[in-house]
Amino acid sequence: MKLKLKNVFLAYFLVSIAGLLYALVQLAEQLRQKDLRISQLQADLRRPPPAPAQPPEPEALPTIYVVTPTYARLVQKAELVRLSQTLSLVPRLHWLLVEDAEGPTPLVSGLLAASGLLFTHLAVLTPKAQRLREGEPGWVRPRGVEQRNRALDWLRSRGGAVAGEKDPPPPGTLGVVYFADDDNTYSRELFEEMRWTRGVSVWPVGLVGGLRFEGPRVQDGRVVGFHTAWEPNRPFPVDMAGFAVSLPLLLAKPNARFDATAPRGHLESSLLSHLVDPKDLEPRAANCTRVLVWHTRTEKPKMKQEEQLQRQGRGSDPAVEV
């Protein structure tokens with residue numbers, strides 16, 4: 001009996017020793033792995049950080065063709081300077097500036113030459129029948145129709161530039177066309193939102209239509225309606241500043257133009273109806289939840305003092321360009 005107890009005790013002792021040795025081996029392995037991890041972390045800390053991801057080279061970006069109709073008025077230069085300085089922040093951009101005039105004016109020609117932008121200078125006079133009459137509010141007749149269509153003609157290879165780039169983009173050029181009036185306010189972000197437009201992209205416009213903003217309503221990434229108060233049944237109840245069109249699509253639809261006889265508020269629809277169905281519009285600006293362009297208007301300057309000085313023969317020097 002004593003021999004059996006001694007054997008059991010010896011066996012128990014040997015098993016305990018084996019278990020202890022195994023535990024020590026496991027602990028040693030864990031410590032080794034920990035030391036190895038610490039060494040790796042220290043090596044990572046000594047290694048220089050990776051270079052940040054580089055944005056695409058400008059040459060790899062689709063060109064944004066910004067079409068701006070303009071006409072002579074006291075605030076014209078101020079408006080164009082503000083817009084040109086915004087556009088100068090956007091890479092790979094081509095400004096199509098179209099004057100409502102028989103030919104280029106020195107004011108606009110000089111501003112373009114000093115802008116540093118790639119530009120094309122065009123000019124076409126609005127027919128007398130389409131011009132606002134004395135005392136008529138601005139909304140009675142669509143404005144800038146001939147000028148925007150003149151830019152479309154240039155893009156479609158009919159040429160006719162008076163200065164700047166004389167050759168339209170060749171067929172197959174990647175690009176997007178945006179109609180940017182000179183009295184609006186634009187965020188630089190807006191142009192990057194529109195750059196990769198495949199058909200027609202859309203977004204909200206602030207301070208337009210008597211609303212804080214007007215624009216598409218989006219559900220599950222698709223346009224399902226429009227937030228607007230005035231004539232909501234228009235085919236495309238969007239502002240001119242609220243959409244962009246891919247250049248290949250415009251070139252593939254040669255009959256797509258702005259209609260000077262379109263009813264009030266339907267000018268945008270007269271173009272877009274030739275290009276796309278409302279259900280296929282591409283929402284941008286975080287599914288149309290961000291406003292990146294505002295329909296601002298510069299107050300018409302009051303010139304009473306100027307007029308009084310002119311009657312006295314002491315008016316401002318006309319040689320000073322304002």
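All residue numbers here begin at 1 and follow the chain in the order shown.
A Cβ is built for glycine as well, from the same backbone N, Cα and C atoms used for every other residue.
Where the annotation comes from TrEMBL, it is an automatic prediction and has not been curated.
Note that this is a predicted model, so its numbers are computed, not measured.
Noted in TrEMBL for the protein shown:
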| type | residues | note |
| --- | --- | --- |
| ACT_SITE | GLU268 | active site, proton donor/acceptor |
| BINDING | PRO69, THR70, TYR71, ASP100, ARG143, ARG148, ASP181, ASP182, ASP183, HIS295, THR296, ARG297 | UDP-alpha-D-glucuronate binding site |
| BINDING | ASP183 | Mn(2+) binding site |
| COMPBIAS | 299-309 | compositional bias 'Basic and acidic residues' |
| CARBOHYD | ASN287 | N-linked glycosylation site |
| REGION | 299-322 | region 'Disordered' |
| SITE | GLU214 | site 'Interaction with galactose moiety of substrate glycoprotein' |
| SITE | GLN305 | site 'Interaction with galactose moiety of substrate glycoprotein' |
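Features recorded in TrEMBL, as mapped to the structure shown.
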| residue | record | contacts (Cβ under 8 Å, 6+ apart) |
| --- | --- | --- |
| PRO69 | UDP-alpha-D-glucuronate binding site | VAL98, ASP100, ARG143, GLY144, GLN147, ARG148, ASP181, ASP182 |
| TYR71 | UDP-alpha-D-glucuronate binding site | GLU99, ASP100, ALA101, ARG143 |
| ASP183 | UDP-alpha-D-glucuronate binding site | GLU79, THR296, ARG297, THR298 |
| GLU214 | site 'Interaction with galactose moiety of substrate glycoprotein' | PRO204, VAL205, VAL208, PHE226, HIS227, THR228, ALA229, PRO237, VAL238, ASP239, GLY242 |
| GLU268 | active site, proton donor/acceptor | PHE236, VAL238, ASP239, MET240, GLY242, PHE243 |
| ASN287 | N-linked glycosylation site | VAL218, GLY221 |
| GLN305 | site 'Interaction with galactose moiety of substrate glycoprotein' | none |
Looking at UDP-alpha-D-glucuronate and its recorded binding residues PRO69, THR70, TYR71, ASP100, ARG143, ARG148, ASP181, ASP182, ASP183, HIS295, THR296, ARG297, figure out the farthest C-alpha pair and report it in angstrom, whole number.
21
Neighbour count check, CB within 10 A, over binding-site residues ARG143, THR296; minimum at THR296
Neighbouring C-beta atoms (10 Å sphere around the C-beta of ASP181 (UDP-alpha-D-glucuronate binding site))
22
Using DSSP, how many residues of the region 'Disordered' (299-322) fall into helix, strand and coil, respectively?
8 helix, 0 strand, 16 coil
